[in-house]
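This report refers to the structure that appears directly beneath it.
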Amino acid sequence: MSILVVNSGSSSIKFQVVNTENGTAVASGLVEQIGESEGRVVLDLSGDESEKKLEIPDHAKGLQIAFDMLADAGVDLGDSVSAVGHRVVHGGEVFYRPTLVDDKVLKKIDELSSLAPLHNPPNVLGIEVARTQLPDVPHVAVFDTAFFHGLPAAAATYAIDRDIARQHGIRRYGFHGTSHEYVSQQVEQFLGRDGLNQIVLHLGNGASASAIRAGSPIDTSMGLTPLEGLVMGTRSGDIDPGVVMHLRRSADMDVDAIDELLNRRSGLKGLSGINDFRALQKRIDDGDSDASLAYDVYVHRLRKYIGAYMLELGHLDTITFTAGVGENAASVRADALANLSGFGIEVDEERNAQRSKHARVISTDASAVTVLVVPTNEELAIARATDALVRTANEA
Ligand code: ADP
């Protein structure tokens, strides 16, 4: 089956046509700078890239242009795609498994926008646009929060007034769930073992950690929103909530300005001016002290979470790095796990330095905890979840 996977953001749409039988991407593309004077559509057909630059006024037009480019290249989505899987960031308490989209479901996802104002509205827009253009196939929403729905209450609950929390849906939901689930399953497959106690570190632009016991998460670093936890490209991660009140009172910033500060101008970017990790590493090599401090804060927070999750799990089998930084930045992996041989964690310098696009072990043979690098593939996971749901629905 070919599944179209759509990930619609505020000014961009990423998509991929995935063959779920062999797990390959038949085509992938990116529509970006939607709403700006010059937008860009990039298409990749099995390594063959093409690009168009033109004004893209809205999401509908963006997706239309991408579909037309695909048709010109001989890929007719109407013919070849049997379902569309949509990445949806927040499922709240309502959605915790892949869900067939109808008008009622779409309305509910839209209502959850109060919990995820930056994410759910563009997700809803992407679903609307894709449903209009591919009306004859099922559309499935796959939620970033779903994997963490069953978090133990002690990990999911904030210590605030319980009535207010209940009234406003305030709890720790967790995000990047599709990636944490996919990567932890890949680890078990790769090692040929199951029931493992795992820590998964998803380090991309956004970053999150999870502690997983025998396939079920027992804790994760993101909370009500993706702002909590690790230091990220542009997000602060954990911060004393008192900072928010202080900024409101002393800096006369309103809630939107503080939101923008913590989500878009903090993290690595706030500390060094740069959110891209490769550029940050270059700055460090050039002797930039702000960049060095940003790196140190990033690694410090990471180690703090690894330590906490080791204790929560009691016994640890694996630590896995994934996503752009986790898969590529050997120094982060080495520094995050430096001097932990007393805890049975030993990274092999040579294995860690090797570059590969495949799953691999980077710990020494003597290390009690196996350390791995496993590439994430959220699109494939969404495509498989969509495929499975559509098949079940067809059988019913
Ligand atoms: P997103 O959250 O947008 O999916 P990615 O998982 O693609 O993010 O990760 C993007 C981050 O990965 C960027 O900070 C980028 O600099 C970093 N990255 C990509 N390749 C490398 C590399 N070779 N070395 C260090 N960092 C890298």
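A Cβ is built for glycine as well, from the same backbone N, Cα and C atoms used for every other residue.
Annotated features, as they stand in TrEMBL:
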type	residues	note
ACT_SITE	Asp144	active site, proton donor/acceptor
BINDING	Asn7, Glu378	Mg(2+) binding site
BINDING	Lys14, His202, Leu203, Gly204, Asn205, Gly206, Asp276, Phe277, Arg278, Gly324, Val325, Gly326, Glu327, Asn328	ATP binding site
BINDING	Arg87	substrate binding site
SITE	His176	site 'Transition state stabilizer'
SITE	Arg235	site 'Transition state stabilizer'
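A map of TrEMBL features onto the structure.
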residue: Asn7; record: Mg(2+) binding site; CB count, 10 Å: 22
residue: Lys14; record: ATP binding site; CB count, 10 Å: 19
residue: Arg87; record: substrate binding site; CB count, 10 Å: 22
residue: Asp144; record: active site, proton donor/acceptor; CB count, 10 Å: 27
residue: Leu203; record: ATP binding site; CB count, 10 Å: 27
residue: Asn205; record: ATP binding site; CB count, 10 Å: 16
residue: Asp276; record: ATP binding site; CB count, 10 Å: 14
residue: Arg278; record: ATP binding site; CB count, 10 Å: 12
residue: Val325; record: ATP binding site; CB count, 10 Å: 25
residue: Glu327; record: ATP binding site; CB count, 10 Å: 19
- Task: Provide the number of Cβ atoms within 10 Å of the Cβ of Arg235 (site 'Transition state stabilizer'), excluding the reference atom itself.
- Result: 27
- Message: Can you give me the Cα-Cα distance between Glu378 (Mg(2+) binding site) and Asn205 (ATP binding site) in Å, rounded to a whole number?
- Response: 14
- Candidates Arg87, Asn205, Arg235, Asp276, Val325 (recorded positions) with CB under 6 Å from ligand 1, in sequence order, are Asn205, Asp276, Val325
- Listed in sequence order, residues with CB under 8 A of His176 (site 'Transition state stabilizer') and six or more positions away: Asp144, His202, Gly206, Ser208, Met222, Pro226
- Under a three-state reduction of DSSP output, how is Glu378 (Mg(2+) binding site) classified: helix, strand, or coil? helix
- Task: Find the longest CA to CA distance in the recorded ATP-binding set Lys14, His202, Leu203, Gly204, Asn205, Gly206, Asp276, Phe277, Arg278, Gly324, Val325, Gly326, Glu327, Asn328; express it in Å as a whole number.
- Result: 22
- Pairwise Cα distance for Arg87 (substrate binding site)/Asn7 (Mg(2+) binding site) [Å, integer]: 5
- Task: Report, in whole Å, the straight Cα-to-Cα distance of Asn7 (Mg(2+) binding site) from Val325 (ATP binding site).
- Result: 20
- Message: With every protein chain in view, what's the tally of Cβ atoms within 10 Å of the Cβ of Glu378 (Mg(2+) binding site), excluding that atom itself?
- Response: 24
- Task: Whole-number Å only: compute the distance from the Cα of Arg235 (site 'Transition state stabilizer') to the Cα of Asn205 (ATP binding site).
- Result: 9
